[in-house]
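Features of the protein shown, as given by Swiss-Prot:
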DISULFID  C59-C78  disulfide bond
DISULFID  C66-C82  disulfide bond
DISULFID  C77-C86  disulfide bond
SIGNAL    1-22  signal peptide
Amino acid sequence: MKLTCVMIVAVLFLTAWTFVTADDPRDGPDTAVGWRKLFSEARDEMKNREASKLNERGCIEDKKYCGILPFANSGVCCSYLCIFVCVPKAP
């Protein structure tokens, strides 16, 4: 019973938090204050991928260890093919 009440309160809190932090498209980024300004800047960074700091990371060179699980097109290797080591692209 207590766990159910806690879960209901948590869901209501998270729902309210979603509505409070939602960005109003009628407001421009210059009128945003506090948390709204922070969320607006984060959303603008996702729209403009060149502004993202995640794009600044480098890639792993060919024949270097890239991970345990083999995933094709993982983006970790410069050649985009990782099978325990970065595999160079076929000519």
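Glycine is no exception: its Cβ is also placed from the backbone N, Cα and C atoms.
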Listed in sequence order, residues with CB under 8 A of C78 (disulfide bond) and six or more positions away: C59, I60, E61, D62, C86
Position of peak Cβ density within 10 Å, selected from the disulfide-bonded residues C59, C66: C66
DSSP-derived class (H/G/I helix, E/B strand, else coil) of C59 (disulfide bond): coil
For C86 (disulfide bond), the three-state class that DSSP assigns: strand
Alpha-carbon spacing, C77 (disulfide bond) to C66 (disulfide bond), which is rounded to whole Å: 7
C86 (disulfide bond): tally of other CB atoms within 10 A of its CB: 22
